[in-house]
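The structure under discussion appears below in the form of structure tokens.
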Amino acid sequence: MLVTAVQSVMESNECKALHYTNMMAQSDLDLKETALKEDLKFYFMNPCDKYRARHQIPWKLALQILKIVMVTSQLVFFGLSNQLVVSFKEENTVAFKHLFLKGYSGVDEDDYSCSIYTQQDAYDSIFYVIDQYRQLKNISLGTLGYEHDGSGLKICKQQYRKGGMLPSNDKPNIDVSTETDCITLKPQELAGKNTEVKLNSSFFNLEFYRLIQVKISFKLKGVALQTIHARELPDCYAFQNTITFNNRAHSGKIKVYFNSDTDIQECKDWHILGSVLQKNSLYILVFDGFVILNCLASLILCSRSVVLALRLRQRFVNFFLEKYNRCVSYTDRMEFINGWYVLVIISDVMTIIGSILKMEIKAKNLTSYDVCSILLGTSTLFVWVGVIRYLGYFQTYNVLILTMQASLPKVLRFCCCAGMIYLGYTFCGWIVLGPYHEKFEDLNTVAECLFSLVNGDDMFATFAQIQQKSMLVWIFSRLYLYSFIILFIYMILSLFIALITDAYDTIKKYQQSGFLATDLHEFLKDCGNVSYRKEQTSMPSICCCRRRQSDDNLILIN
């Protein structure tokens, strides 16, 4: 009896201890759940609600607003400077064509500059280039000069190996392997008395029946003084010009191509009187430095937010697995990945790199205008797109974001299917209509032409410009164009719009009746009475932080 009583007491004590342990574990779990709900609700708040809840200063919001102003101003300054560079390049290219192309009318013939049709015109055009190059400093209106490294005017002719004269047009006798001969005429040689000897050499005796092309290349230097009027230091340019007399077709028409590659170089040993240009450059460099600091602070804060969000997601996943013994869905996991923060981080990195390049360009140490333009332009685009995030906190303005997110997967899948049909029409139009229509000469032009037809542009011109040399091709072109327009405008484009309209109607319905509840939404339903630890700050209340919390509905969308 005594042993039985002792065993009963021991079992009772064990049960009490186990019950006490379970109570302690449940209490810890409840505390963990309360803290998790508090952090989750705070994470999904907008900056104004966060300030009302914990008086936490919205540093990221302030930095983004400041960054919008600074990055846009920086882009405008750089755009005005880049505009001078682009105009200087284009104007010099036009001037070179008028200087070195004999008979140039001022308008390019399609993708080439001009054409010649007789042997005498070919000789005259080649010697015209040589003569203009020789007296460049006396006839040019620009600040142009020759290269100082000894290079001059290089003339190369490419032709088939001589296998014999053509006995008749229908019996060609020629070696198809090619050979290239070159000659270099330096500026000092052209200015001497022996110029005529070189120009009368056998090199310039062209045999047009086997001539493929004649290529004349030369390099010039120039200085852009117009930047001084914009209070900027001047740039030095190197123009690599190439004139090609293309006779590959041997059709009796030689196409003359002019190509000018411009390289911006650092001006060496330049001396400019006046301190206005140096001061203006210094102010812009200081401003670019502040932009870099602003973007660096934004990059640090947004990266910190991403890291904290990933830690919070891991807490939520572990708690859900511990309490409910099941995993969190993929949709709820993606709620913690804030795409706007990722966009801001990419924008900040591009702005920092672009600003460093811009400072180097401003200091005349680099000339990578194109790379800098791409970085600054894309980063500014991302900055302004990121503004939509803050509008998305208000339900009235959130429709666009939700509609884009809901329709994007369906639109991408639909575009993949429509793209296959589009590619089919592109290849078909190129191979069939290419010889008869200038808009179908190459694949890129065909794709652009068909895309313009989808948007209703140039329809009559596309129909009217088809050449009626072949009745079969003309009939095919009508069937081709009519079927493409009917299929893409009346069917595919309508379905494309219907997908977006359906997503918009779904979002409007959800906003009225409520969005589909996920595990995360259900978990946060009961945290309305959670209190927050308020940290007193000296920051004055801004207007948005004085609004009532019930003014806007909380939507868990990143």
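Cβ coordinates are placed from backbone N, Cα and C, and glycine is handled just like the others.
Features reported for this protein in TrEMBL:
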type	residues	note
DOMAIN	85-268	domain 'Mucolipin extracytosolic'
DOMAIN	371-507	domain 'Polycystin cation channel PKD1/PKD2'
TRANSMEM	282-310	transmembrane segment
TRANSMEM	339-357	transmembrane segment
TRANSMEM	369-391	transmembrane segment
TRANSMEM	411-433	transmembrane segment
TRANSMEM	479-500	transmembrane segment
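Across 282-310, 339-357, 369-391, 411-433, stretch 411-433 shows the highest tally of CB pairs under 8 A with the transmembrane segment (479-500). Proximity of distant same-chain residues to the transmembrane segment (411-433), defined by a Cβ-Cβ separation under 8 Å and at least 6 residues beyond the stretch ends, is recorded for 440, 442-443, 446-447, 449-450, 466, 473, 476-477, 480, 484, 487-488, 492, 495-496, 499-500. Residues 43, 59-60, 63-64, 66-67, 70-71, 73-74, 77, 336-338, 341-342, 344-345, 347-349, 351-352, 355-356, 358-359, 362-363 of the same chain, all 6+ positions outside the transmembrane segment (282-310), place their C-beta atoms under 8 angstroms from a C-beta of that stretch. With helix defined as DSSP H, G or I and strand as E or B, the domain 'Polycystin cation channel PKD1/PKD2' (371-507) counts 114 helix, 0 strand, 23 coil.
Confidence across the domain 'Mucolipin extracytosolic' (85-268), taken as the mean pLDDT and rounded to a whole number, stands at 79.
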